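Encoded as structure tokens, the structure appears first; notes follow it.
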Amino acid sequence: MYPTALTQLARANPFSAPLFSLQKVEEPQQSLHGQRTRTLAAAATADEGDSCEFGSQKYFVLCGFGGILSCGTTHTAVVPLDLVKCRMQVSPDKYKSIGNGFAVTLKEDGVRGLAKGWAPTFIGYSMQGLCKFGFYEVFKIFYSDLLGEENTYLWRTSLYLAASASAEFFADIALAPMEACKVRIQTQPGYANTLRECAPKMFAEEGLWAFYKGVVPLWMRQIPYTMMKFACFERTVELLYKYAVPKPRSECSKAEQLVVTFVAGYIAGVFCAIVSHPADSVVSVLNKEKGSTAVGVLKKLGPRGVWKGLVARIIMIGTLTALQWFIYDSVKVYFRLPRPPPPEMPESLKKKLGLTE
């Protein structure tokens, strides 16, 4: 029997419902080494020429490496926009808009001032990417095995949500220390200009807690963000190939598939930004002010204050998410990792529903 609690949780998810495809499949799925073929989007038999088997240790390691590249490089690239966004959140009277924020920053700190916080950003988000993408693949297989083949297909959106939330829980623990340093450097002028100055100073003043006091707000911000990022991306890719792309995925070139990846990533990024922005505002203020608490910051900002800097965040996160998925999928292409097509209904379920002859 499948785990009752997990199955009930999946069925209770408001974002998911069974999606049945009544179209006949011309080519039945084949098994590899006598094992049944998974129908999950990122879990299927390896194509000829793949460098490793799906779910192998090498597969997970290279997925983690792809996560490092995708998250570390993209977040570092948008440090100037992130700096202005953070300052708009913590000092809205001084930094009134994106344009004004850039102008004030350039006037006070010069061009080099726009790069403040790049080192903790690169290190922190590289570690986050390693855990986010690597553990996502791990948890997706783990939960799929618990649910079984048919339930994996029927409740795949719930599976994407559960796997991404589980991965982000650990990813934020890896990110929290560097995120605290980044925000302190960017939002407290004169406190520290580099990571080497900031980290020892924070530890001397507040101890180890200084680096982890923002982990709960990070979970509040990043877990919904990541759940939306992965689930929306997976389902958007599925819908794009079904309704927008004029030919089957198997007939698309690698370059065309990467274009679909980029478009789906950007769409997912817009929703990610909206869902996670209030918690992002709390994190920015929390890491700036000593002795502050998440509840206190939330009361201080108020219902309207938590949405400051949303436009900048939508631009930043939309671009970030699209580039991250593009880089991550490009790494899979480069290392010839298994990249199965969108999920299809298992033959056993088709028989139960009377969809086969």
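Just so it is clear, glycine is given a Cβ too, placed from its N, Cα and C backbone atoms.
Note that the structure is predicted; figures quoted are calculated from it, not measured.
If you look up TrEMBL, you'll see 58-142 (among others) marked as repeat 'Solcar'.
Across the repeat 'Solcar' (155-239), DSSP classifies residues as 73 helix, 0 strand, 12 coil. The repeat 'Solcar' annotation in TrEMBL covers 155-239 (among others).
Feature annotation from TrEMBL assigns repeat 'Solcar' to 256-334 (among others).
What TrEMBL records for 258-279 (among others) is transmembrane segment. Using a Cβ-Cβ cut-off under 8 Å and counting only residues 6 or more beyond its ends in the same chain, the transmembrane segment (258-279) has close neighbours at 217-218, 220-222, 224-226, 228-230, 232-233, 236-237, 240-241, 245, 252, 306-307, 309-310, 313-314, 316-326, 329-330, 333.
Positions annotated as transmembrane segment by TrEMBL: 310-328 (among others).
Confidence for the repeat 'Solcar' (155-239), expressed as mean pLDDT, is 92.
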